[in-house]
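Q: A single structure is presented below for examination.
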Ligand SMILES: Cc1ncc(COP(=O)(O)O)c(C=O)c1O
């Protein structure tokens, strides 16, 4: 990864496929016996999808276009589900035509439309969660109450569909194991009610939310998710849920960020380091990068990325607001919380490496807002190994110290 960053003469996003494979292997080692349906929205890059499909992953697709892209990897259609609870009639028809037989749902309106346009399909109902403890809660837009889930799955049965499962999503970049504990409690309650009503599901989908390891929070402090505890709680939860129905219950997860975030990095460059006097008389440094919210760093308002300035090792630094290149004031870190130490000598054109931005970078890239074109990408076979993270050797945020691997 660092060799590819160093070799890049122009801006681009680089994905380390071996790193992604390592994260996939770690996930299956930590949570044995479950199936992975990669949430394509996190990284809809053909090479990344093929790499995961070759490892045995399936896909959580959110539209007919994503389904078609997933099919191009050669993965059997049974390993793809339509995981978006929001679907027009036309999209249901198109997905069914493409061979999809597993649909997410969360309302009577949606399940009725699936019965009409995808006769005989299997449906899993998404339960609402609070999203507490996550950087992005996803709380209100998706999922229904336990009572509604029972109604939806009973309607599925009455209309000739197969009620096949329940799903949850505890919120993206979920930082607490407690979120999975309470999701499991909710799933257990609904499974018990359904069991009493003669609806026996064959799977539980534990959704996404597993955290990336290499982010910094808005104040520039390492986010240190309790991954070991999270995996332990999920393992216990799977055991608890398996005991409810009295027949085999399978488990699915839909990770997005966990598999790809730490294995993507952007080679950007310094647009300008400027110092401007504010209206209160204070002078403030701003580091404008060649990429920002609209071309790769969409999530920069909720977190900070680790920055490496390979041409300024051990340089004197100044505290600066980091921002993207567009004429949009949202295109900046949430700087009221924390400034970043950047090399005082940073000059226009100097390379900057932005780490842990492999998730939701290509998908949240505008077509050319303000004329800043989408970043090209490169996939490298990579060196594998663990992702950067609080427990790994990483440079301090924004400091001019390159990673160990920076000179490789
Ligand atoms: C249905 C569904 N599953 C999985 C994911 C992936 O979430 P994450 O990237 O937090 O793992 C998302 C993301 O929004 C989603 O909407």
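Easy rule for this one: first residue shown is 1, then count along the chain.
The backbone N, Cα and C atoms fix where each Cβ goes, and this holds for glycine too.
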Q: Using TrEMBL as the reference, determine which range in 357-382, 383-408 is annotated region 'Disordered'.
A: 383-408
Q: According to DSSP, does residue 41 (N6-(pyridoxal phosphate)lysine) fall in a helix, a strand, or coil?
A: helix
Q: What does DSSP assign residue 327 (active site, proton donor), in three states?
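A: Going by the DSSP assignment, residue 327 (active site, proton donor) belongs to neither helix nor strand, so it counts as coil.
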Q: If one measures from the C-alpha of residue 41 (N6-(pyridoxal phosphate)lysine) to the C-alpha of residue 327 (active site, proton donor), what distance in angstrom results, rounded to a whole number?
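A: The Cα atom of residue 41 (N6-(pyridoxal phosphate)lysine) is 27 Å away from the Cα atom of residue 327 (active site, proton donor).
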